[in-house]
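Chemist: Taken from Swiss-Prot, the feature Fe cation binding site covers 115, 119, 306, and the record attributes it to sequence analysis. Feature annotation from Swiss-Prot assigns substrate binding site to 138, 139, 140, 141, 142, 171, 184, 278; the stated evidence is sequence analysis.
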């Protein structure tokens, strides 16, 4: 079974082809990704209308590229999958329209996929895939969640952010520091030259008996420190503040993940989403989990960002597990707001 997957939830257009033979782990045959970072950089953030227009321009050329790299024809595709939500409504509509139009032209079934489920399952494309059950730390864009995962489609929410997500804390702090877009990677790069102990920043909810997160107070503390520094400050204090900010976010993510592992008595942790590519987070999680005999699994770094491979993979795993049915009516809708915990089994 060949599954063609489309991702268009925000500012990346992703297309991928996955092979899912009966009883075997899905294999990624080819994938292509176009990032809109350069286009949105001048605006300091994603402009939804521009994002939608660019998805229209990129979807079919990327599809041709993927098929050529895989040595397959469009007629070889058995199922077409797309990101149904959550995300930007216009961007989601572009991806779903392209996917459903292709499926209708080919007379193939189509399947809508939850964006966060794609991230959650993406480590199954790595050379060292996890086994169920496990705890998942999802740190993607506006989402920060801890989930217990007992199988495909079997997810229980353990904790989530009550305000800003970790990715938003990175991006908003970077903006306060006058760094470029996207802010998270820029802050992480600057943090390499700073002293994380130079500023005492808060770790909200860290010592509370909860697996929920809160990063709004940290953002406020960073703003306060930036105002104290004033304009024209030299680079070192900015690097120190970047390092302290990253240290605060990472400490919360690591300690909450360990608490979730203790609460569930599980020995496997999956970390997925864009923030999962952060080197400081990976190194500290690896060290903390190694002391406790916990296995940690990540996606390949290139698959931490939004991509079509994770959508095609999630579709393959859902179909193999009997947790979804691809449909042939080719009508489509999108879910810009769609909690993963509310994901219904069998809803295309």
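Any Cβ shown, glycine's included, is placed from N, Cα and C.
How buried are the listed features, and what sits near them?
Modeler: Less than 8 angstroms from the CB of residue 115 (Fe cation binding site) sit 7, 9, 83, 84, 85, 86, 87, 140, 306, 311, each of them six or more residues away in the same chain.
Around the Cβ of residue 141 (substrate binding site), the same chain contributes 10, 165, 167, 168, 273, 274, each under 8 angstroms and 6 or more positions distant in sequence.
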Chemist: Sorted by position, what residues of the same chain at least six away from residue 171 (substrate binding site) have a C-beta under 8 A from it?
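Modeler: In sequence order, 182, 183, 184 meet the Cβ cut-off.
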Chemist: How many other Cβ atoms are found within 10 Å of the Cβ atom of residue 142 (substrate binding site), counting all protein chains shown?
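Modeler: For residue 142 (substrate binding site), the count of other Cβ atoms within 10 Å is 14.
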Chemist: Look up residue 142 (substrate binding site) in the DSSP assignment and report helix, strand or coil.
Modeler: coil
